[in-house]
């Protein structure tokens, strides 16, 4: 069978094209064959639909080439019937047709895995610190303020990273920025696992978060520019699933590694490498894998065309075309695009003129200053007349969704801990005015309060003291030896002629106590891991189930993203999620809270998928990553506010968190219904 191919060319020009002169903008011209010729082409747009559609021919189902030809004819007719379109719009239409000819196949699926691992690394980052803290707080001697700062710094650093890398990706390149961001994350995540002090650990996690914060805005912008219009919504939604996989991976590995306290080593008392540090190393594996895979991936050709790099874009598009059709067993299909004409911009010329003079340091300073100006100018352009309302609506939707989602994500496990705490309080044994003399305590003490007791000539040898409080008590001529304590304090006690040998009872555990002839010998330095962490399994299980519950919502939203539409999925999911929050009034047990968490996560993920797809489609290529970065930074700010506010009401009232989340979700859902439908919109 003979094949006919689409040809994009300009008479009198070399096959690889040339840069335009003057005027600015894009000069991307093409001569199209007739509709009959195009319809006869065997080039298909799907990676697995060709055989099915061919069989459907006998049932009167149009061949995919005929459908594609009709779509192109309709777009050409719309262009001809309307007013004169800009060169950028012309490029958008023609780029869409090139991607249709390249098809969706092996190249996109390979890029899907590589970028999915980067997105998975972002999901892991949100859980790493919270999973490591129960062990790290004792290893690093963290106070409540230290723990709060560590949790806060994760989101703040990711917020800064999203803004920084999103802006740079539109000026420097998607692939280059993603490579640097992932490298920063990997290096400082590795260093943080070895940091022995709180200051270094905080600093390294800060830089690690700045690196990984750039993955979300870059990944979606990058992948969308390799997708044709009718594949974009579905496959971007499938990509979202990797964030959920990151949560599952983090909870599963934490569950399997952190409770194994033998998985580590120490070098004296100055250097300790316990199991939670092993977990931090393992958590960095998705970022490392993505970094390695990304070195084999090309830059976005759409970005290159926007920056007047015609030849590089042409070679990459040819690579995509050839990779896909060879994988489908049709290597004879030839990439027929012969010319893409794109002029240099004034910004590029400015940088090149400055680069031709001065010392290397001066050239670097000029380039950096120019780049900063261009990024800030791009950010300001998001509020221009044509983008103002889109940016405002998307900012409201991102903020409302993140405020509720992250707020409740913190509230659910905190409520479970609160219920556990209340349950433990009901089991606390109170001993009042007991007198114990010449007794050898060789059994552990747990969940006890001792008031006004007297302990004379007693021995506490090789035991664990957990959640015990001594109030207004007297210890005289006693001996504490080889003691491991957790949540244990001595308050307003008198301690006379007593020896503390090889214990971890230090000054902070003696509150307003009187010491008389008391000695501390070979006291254990630093904080030490508990031998048993009863809540670990439940904490990891809750996170694991919450992440797993996202799976059905993700699948459904991906399958119906093109059929129902992004706007209806966002608005409907947010409104349904708002309704789900009222069931929280009925949550009086741990199992009920876990079930409601799964329900909320499963419904809300559809809204997240739609939000991310619409964000990609609303903005032009030159501003896409910048807009995504700004909105994602706003998302992290909302996460900080939501988690802080919701956590402050745990154990006080349910009404405020429920009403806040309900109000935010309803407002975001109603605003989402005002968004334009971008299903049939060519990527600008």
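Here the Cβ of each residue, glycine as well, is placed from N, Cα and C on the backbone.
The transmembrane segment annotation in TrEMBL falls on one of the ranges 235-258, 307-330, 331-354, namely 235-258.
As annotated in TrEMBL, transmembrane segment covers the listed stretch 148-165 rather than the other ranges in 148-165, 364-381, 418-435, 436-453.
Note on TrEMBL: of 86-108, 201-223, 454-476, the range annotated with the feature transmembrane segment is 201-223. The list of residues near the transmembrane segment (592-614) in space but at least 6 beyond its ends in sequence, with Cβ under 8 angstroms from a Cβ of it, reads 220, 232-233, 236-237, 240, 244, 394, 397-398, 401, 404-405, 408, 412, 415-416, 419, 542, 545-554, 556-558, 561, 566-567, 569-570, 572-574, 576-577, 580-581, 583-584, 586, 669, 672, 675, 678. Most Cβ pairs under 8 Å with the transmembrane segment (387-408) belong to 626-649, among the candidate stretches 109-133, 148-165, 201-223, 235-258, 626-649. Counting Cβ pairs under 8 Å that are 6 or more residues apart, the transmembrane segment (109-133) and the transmembrane segment (278-297) reach 3 or more and are in contact. Outside the transmembrane segment (235-258), and at least 6 residues removed from its termini, the chain residues within Cβ reach (under 8 Å) are 104, 108, 112, 115-117, 119-124, 126-128, 131-132, 134-135, 219-220, 223-224, 227, 275-276, 278-279, 282-283, 286, 533, 536-537, 540-541, 543-544, 546-548, 550-551, 554-555, 557-558, 561, 605, 608-609, 612-613, 616. Per-residue confidence over the domain 'Major facilitator superfamily (MFS) profile' (111-679) averages 84 (mean pLDDT, predicted model).
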